[in-house]
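Read through the structure below, which is laid out as structure tokens, and then see the notes.
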Amino acid sequence: SNSQLFKREDTSDTMLGFLRKPVVVTAEINMNLVALTVMGLISRLWGLSYPRAVVFDEVYYGQFVSLYMKRIFFVDDSGPPFGHMLLALGGYLGGFDGNFLWNRIGAEYSMNVPVWSLRLLPALAGALCVPLAYQILVELQFSHCAALGAALLILLENSLITQSRFMLLESVLIFFILLAVLSYLKFYNLQRHSYFSGSWWFWLLLTGVACSCAVGVKYMGLFTYMLLLAIAGLHFWHMIGDQNLSNVSLMCHFLARGLALIIIPVAMYLSFFYVHLTLLYRSGPHDQIMTSAFQASLEGGLARITQGQPLEVAYGSQITLRNVLGKPMQCWLHSHTNTYPIRYENGRGSSHQQQVTCYPFKDVNNWWIVKDPGMQQLVVSNPPRPVRHGHIVQLVHGITTRYLNTHDVAAPLSPHSQEVSCYIDYNISMPAQNLWRVEIVNRESDTDVWKTILSEVRFVHVNTSAVLKLSGASLPEWGYRQLEVVGEKLSKGYHQSMVWNVEEHRYGKSQEQKEREVELHSPTQMDISKNLSFMAKFTELQWKILTLKNEDTEHKYSSSALDWITMDTNIAYWLHPTSGAQIHLLGNVVTWASANIAALVYTCLSLWYLIRRRRKIYDVPEDAWQLWVSAGGICVGGWAVNYLPFFLMEKTLFLYHYLPAVTFQILLIPIVLQHLSDHLCRSLLLKSMFSALIVAWFSSVYFVYCTFRPVTYGEPSLSVTELKDLRWKDSWNILIRKQ
């Protein structure tokens, strides 16, 4: 019994033993990695909201972000939707409502635009490229010193800093490319001693996910994906020769790679489009290029709207009027209860009448009623009385019931044109002038009836002969940045900005205002859309993206692929409206030159080694040779696949297209330097001299970074002399204001 008692005590001691000692968790933290991540974040996130203005291609991507916020369908021929969705995610997290007109570079952002949030994800992606570069070289079995050098070169690369600090996609693309490379290297290194483990599966699957994300951001990611597939195929080919692996084991390896590197990326790519099409369920300016069935699947799609609409516009018709020009964007004649300010910022007065604008989104306030000036009724008679070319009409705003009006008062932004408003009777000496003559521009005879969609119409003001026109200027905050509509006094000839067509049309039935408002809020007719399957919609949209061609016009900052290697070109991203502060896409000259030299040295040395090895002369040990080849396959291969395809592309090219390629080339610099130090500097003196040269060279990299820092971050403002001093090449376009 005593022995049983002792056994019980031993058991209880064992069970309670863990309570007598503290629970200790040990973790290895690579302080190099932590420090590099912090420095990367500081360099990319510092002053991220500056400048608070549209910078270069933000004017392009911002439009798509606004459309995401409004859930309006669009097609972008530059690539798949994943990158756009990431930018839109930044807007969503910042509470952006999508109300901003991205119509010109340099436009000041209104207070509703969360600039920091919109630029955050590209900046984070750019910052994380710094520790990724470090880890890639560590996984390639190079020293921590070489890995640190690669990370610092990425950190101090002016062009990568500039590109990652704005709402642009190159930094996101580079991040996913580097993540895919790192994941594959980690997977491959685990392959040697522990395959089919949890971490082995994690890195293999992450490789496929990162590849899919890279392709989903821009089609250029496809080339790195193909490179990694080729490397994976080569490694598997070597595995086939391993006699220790059974046929079943080889088949499992093959299926695992097929699942992770082909099936999952394809499934993810499809999922990007699925989310894209789910989010963008409303009709917009781009759906007109899609098939009728596709349009009908969108809420408010044109096929659904026009089918069953009355063809002939009659007195009492309820219509929306779209401007035919479609520039700077498609918009509809619009009014709302707000009035023009009594005085504008420059002190000029207005009529203080109800605002009339052109609004780029479908809205209930876009509806107008065509009224016969001689009758009070706002409903269509039976039978309908069609409106013909030359008829005089009044246009009544559906929701506010005020009449479209113009008079001899200067327009807010176009003082040489007349203000267009909806008339409010203030009981002062300003009578209503609300009669308009309908002129069908594309008529076949002078008795043509005004038709829905088909007729292109000008509205000529009876009292002043002014023509209703879209000026294209964006109104200030008081006009919600909507587009200005004016009465053009000198109507010389035909111009599309003066031409409108009826898009949505119904015959009005309700004379009472409250009933009419319910009618205006209701859809033009029942939903008759065909239920297109996702794959049918995906196939059509994918085909449009691949085949849609924008008119390629020569851009001021476009360049040829040959200009990029020597950086004979730059791009002015932003210029301060008054001072000399500006932002340019310019690379670190020393880094780019060193990258070219490193690539040349690598190529020459590799050829020399190959010839010598053919003669059975081995200058470097076998493991060093394998390291040299694998590093070249990744870095030189990565540079080649991201650069050479541009010579085959018929599109407008810019310097930023070279950034993924030059990133791989920069990674090659410390690889070549370590190889030269380890294998060609045989004596201690040579190694010391070589190390001193590297320190001097890196100091010059830092000096160039600091020199061009003002045009990388846009501050501080530089004087004319300082700006001229930055023009190291005659081909660089540094902006200098005329004094």
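We count from 1, first residue shown onward.
Quick reminder: no glycine exception, Cβ is built from N, Cα and C everywhere.
Bear in mind that TrEMBL entries carry predicted annotations, made automatically and left uncurated.
Keep in mind that this is a model prediction, so the values were computed, not measured.
Residues 120, 123-124, 126-131, 134-135, 144, 147-148, 151-152, 155, 161, 164-165, 713, 715 of the same chain lie 6 or more positions beyond the ends of the transmembrane segment (29-47) yet place their CB under 8 Å from a CB of it. According to TrEMBL, the feature transmembrane segment maps to 29-47 (among others).
The transmembrane segment annotation in TrEMBL covers 82-102 (among others). Outside the transmembrane segment (82-102) by six or more residues, the chain places 54, 58-70, 76, 109-110, 112-114, 116-122, 167, 169, 172-173, 213, 216-218, 272, 275-276, 279, 328-329, 360, 474, 480-483 with a CB less than 8 A from a CB of the stretch.
Annotation source TrEMBL lists transmembrane segment at 114-134 (among others). Sequence-remote contacts of a segment are chain residues at least 6 beyond its ends whose Cβ falls under 8 Å from one of its Cβ atoms, and for the transmembrane segment (114-134) they are 32-33, 36-37, 39-41, 43-45, 48-49, 52, 62, 65, 86-87, 89-91, 93-96, 147-148, 150-151, 153-155, 160-161, 163-169, 171-172, 174-176, 178-179, 182, 663, 666-667.
The transmembrane segment annotation in TrEMBL covers 168-188 (among others).
The transmembrane segment annotation in TrEMBL covers 200-233 (among others). Note on the transmembrane segment (200-233): residues 78-83, 86, 169-170, 172-173, 176-177, 179-181, 183-184, 186-187, 190-191, 194, 256-257, 260-262, 264-266, 268-269, 272, 633-634, 637-638, 641-642, 645, 657, 660 of its chain, located 6 or more positions outside it, place their CB under 8 angstroms from a CB of the stretch.
Within the same chain, residues 80-82, 85, 196, 201, 204-205, 207-209, 211-213, 215-216, 225, 228-229, 232, 236, 534, 538, 541-542 sit at least 6 positions outside the transmembrane segment (254-275) and bring their C-beta atoms closer than 8 Å to a C-beta of that stretch. Summarising the annotation, TrEMBL assigns transmembrane segment to 254-275 (among others).
TrEMBL lists 310-373 (among others) with the feature domain 'MIR'. The helix, strand and coil residue counts that DSSP assigns across the domain 'MIR' (310-373) are 3 helix, 30 strand, 31 coil.
The feature domain 'MIR' is assigned by TrEMBL to 384-441 (among others).
If you look up TrEMBL, you'll see 445-505 (among others) marked as domain 'MIR'.
Among the features that TrEMBL reports, transmembrane segment is placed at 589-611 (among others). Residues 153, 156-157, 565-567, 619-620, 625, 628-629, 632, 635-636, 639, 662, 665-666, 668-669, 671-673, 675-676, 697, 700-701, 704, 728 of the same chain lie 6 or more positions beyond the ends of the transmembrane segment (589-611) yet place their CB under 8 Å from a CB of it.
If you look up TrEMBL, you'll see 623-641 (among others) marked as transmembrane segment.
Annotation source TrEMBL lists transmembrane segment at 653-673 (among others). Residues 129, 133, 136-137, 140, 142, 146-147, 149-150, 153-154, 157, 159-160, 163, 168, 170, 173-174, 177-178, 220, 224, 555, 557-561, 563-564, 567, 569-571, 585, 587, 591-592, 594-596, 598-599, 601-602, 605, 631-632, 634-640, 642-643, 646, 694 of the same chain sit 6 or more residues outside the transmembrane segment (653-673) yet have a Cβ under 8 Å from a Cβ within it.
What TrEMBL lists as transmembrane segment is 685-705 (among others).
When the domain 'MIR' (384-441) is classified with DSSP, helix, strand and coil residues number 0 helix, 26 strand, 32 coil. Helix, strand and coil residue tallies for the domain 'MIR' (445-505), in that order: 6 helix, 27 strand, 28 coil [DSSP]. Residues 149, 152-153, 156-158, 588-591, 594, 673, 676-677, 712 of the same chain lie 6 or more positions beyond the ends of the transmembrane segment (685-705) yet place their CB under 8 Å from a CB of it.
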